[in-house]
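Novice: Before anything else, here's the structure in question.
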Amino acid sequence: FRHKDAGLWCCLVVPVLLCSQGPLMSQLLVIASLLVYMWTFHTNWQADLTTVAIIVLYICGRVGYLVYNSFTVGEESITLSHILALCLYVTLLIKVPNQFPASFTFGEVAMTCQLYTVAWYMCVQAGQHFQAVEDHIRLGMVAFCGVHVFVAIVLLSRQLGLSPLAVWGILIVCGLTTAIITLHFLVNLTQLQVWMFSRTSVVMLAWWATLTVSSILVVALMGNVPSATTTTSDRDQLTKHIGQFDKLPDTSGQQIEASEYKEISKSISCKNSKVAVPSHTRNNVEVHKHSWRDTMSIQAHVSTVTRKYFHLMLLLVFIPGLMYTPRLLYVASALATGVIFIMEFIRYMLLPPMGELLHSYLSVFVDTQDKGQIILTPLYLILGCSLPLWCLPNTGNAHVSLFSGLLSIGVGDSAASIVGRKFGVHKWPDSSKTLEGTAASVVFQLLAVIGLVYTGVTHSHLSLPLLLTIICNAVLESCTQQIDNLVVPVFTFMTLTSL
C-alpha cells in the first residue's frame with residue numbers, strides 16, 4: 001500500500017450510503033472489509049490472539065445470521081446475489097493492491113472495490129427488470145459493460161499475440177456492433193430523440209464539445225515535455241517493471257542517464273527470471289527505487305493550480321447539465337468516465353499507436369499521490385462528480401446532494417489550493433495544507449450553495465447540518481492522507497443524502 005495510514009474509515013462510507021437502499025449489502029461490505037483488513041495486516045494482531053478470535057467469531061456469526069434471516073423471509077435469490085457480490089468484493093480487495101502496488105491505501109482500494117461491486121450488483125438488478133429501466137440508465141449500463149469488453153479484448157489479444165492493427169480492428173467491429181444493437185433493441189429511438197436532440201440538448205452538446213477541445217489543447221500544449229537524457233523506450237521499459245518495488249522513496253530532481261535506466265530494467269528482468277544480478281547493478285537498483293512518476297521527474301510537471309483547470313472544466317460541464325439536461329448529463333458522464341478509464345488502460349498497457357503518446361503527454365499531470373503505475377486522480381475526479389447523479393438518476397436538480405462532488409472538489413478543493421498557496425501561513429499538523437486554505441474552502445462552498453439556492457437550481461435550503469457538512473469536508477480534505485478526489489466527494493454525498 002502507498003503509506004502507513006490505512007484509511008480504514010473509508011471502508012464505512014459506501015456501506016453507510018447504502019443503508020437506505022438495503023442493510024444486508026451494507027453490512028456484508030463492512031464485514032468483508034474488516035476480515036480482509038485483519039488478514040492483510042495480520043502482523044499487527046498477532047500480539048492478541050484472543051481479540052482476533054472474538055472478532056472473527058462475531059463476524060462469522062453475523063454473516064450466518066444475515067443469510068439465515070434472508071432465507072427465512074423468502075428472499076433466497078436476493079441473498080444469493082448478495083453472496084456473489086461479496087465474493088467479487090473480497091477477491092478484488094485482495095488482488096487489486098497486489099496487481100498495482102503503491103497505487104492505493106487500504107481505505108482507497110476498499111472504497112473503489114465497493115463502488116465497483118455495487119455498480120455490478122445494480123446492473124444485475126436492473127437487468128432483471130429491464131423493461132422498467134429508463135433509456136438513459138440503459139445507455140449508462142451499456143457504457144459500463146462496454147469498458148469491460150474493451151479490456152477483455154485487449155488482454156485476450158495480448159495473450160494470443162495479435163498485432164495492434166488486428167486488435168484495433170476487432171475493437172472497432174465490436175464497438176459498431178454494440179452501437180447498432182443498443183440503438184435498435186435496447187432503447188426507444190423515438191423517446192431518445194426527444195430528450196437527446198432537443199434544442200437545449202444540442203446547445204449543451206456543443207458547449208461540452210467546446211470544453212472538451214479546450215481541455216485537449218491544454219494537455220497538448222503543456223503535456224509533451226520530452227526528457228533530455230532518456231529515450232521513450234528506455235523510460236517505458238523501466239515503467240513496465242517498476243511495480244516490483246513496494247516502497248518508493250522520492251528522488252525528484254536527480255538526472256539519470258539512459259544507460260542507467262537500461263541497467264536497472266535489465267536487473268529487474270533478471271530478478272523476475274531468477275538470474276543472478278551483479279552486485280553493482282543491485283546497488284544502482286537500490287539507489288533508484290522510485291515510482292514511474294519519479295522516473296519522469298526529469299520532465300517538467302505542471303503546478304497544482306494548473307491542474308485545477310480541469311476542476312473548473314467539470315464545474316462548467318456539470319452545473320449547466322444538472323440544471324437543464326440531467327438525463328443527457330447522466331449518459332455523457334458515464335461515457336466520459338469510460339473513455340478516461342480506457343485511455344488510462346491504453347497508456348498503462350502501452351497499446352500502439354496511442355499508448356506511448358498518452359504516456360508522454362499525461363505523465364506531467366500526475367498528482368503527488370499517484371505513486372504507483374497507474375494515474376488515478378483524473379478518474380477519481382470525474383467519478384466523484386458523477387457518482388451522485390448515478391445514484392439518484394431520477395431526482396433531477398431537486399437536492400443539493402447532487403452537487404456533492406462539485407462543491408467539495410470543484411469549488412472547495414480548488415479554492416483551498418489556490419488561496420492556500422497564495423496566502424497560506426498556518427499549516428495543519430503533519431500536513432502541507434493550511435488553515436487559510438481550509439477557511440477559503442468553507443467560504444466558497446457556502447457562496448456556491450447560496451447561489452444554487454437563490455437561483456432555484458436546488459430545492460434544498462441553508463441549514464446548520466449543511467454548514468457542518470461543508471466544514472467537515474473542508475477539514476477532511478486538509479487532513480486526510482487518502483486521495484481527496486475520491487474520499488471527499490463520497491463522504492460529502494453520504495452526509496448530504498441523510499439531511
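Here the Cβ of each residue, glycine as well, is placed from N, Cα and C on the backbone.
What TrEMBL records for 6-37, 49-68, 80-97, 109-130, 136-156, 165-185, 205-225, 309-325, 331-351, 372-390, 402-419, 439-457 is transmembrane segment.
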Novice: Restricting to the same chain and to residues at least six past its boundaries, which positions have a Cβ under 8 Å from a Cβ of the transmembrane segment (165-185)?
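Specialist: Same-chain contacts beyond the ends: 138-139, 142, 146, 149-150, 153-154, 157, 351.
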Novice: Between the stretches 309-325, 402-419, 439-457, which wins on the count of C-beta pairs under 8 angstroms to the transmembrane segment (205-225)?
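Specialist: Going through each listed stretch, the top one turns out to be 309-325.
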Novice: Before we move on, state whether the transmembrane segment (309-325) and the transmembrane segment (402-419) share at least 3 Cβ pairs under 8 Å, counting only pairs 6 or more apart in sequence.
Specialist: yes
Novice: Could you tell me what the rest of the chain brings near the transmembrane segment (80-97), counting residues at least six beyond its ends with Cβ under 8 Å?
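Specialist: 1, 24-25, 28-29, 32-33, 35-36, 40, 67, 70, 103-104, 106, 109-110, 112-114, 116-118, 120-121, 124-125.
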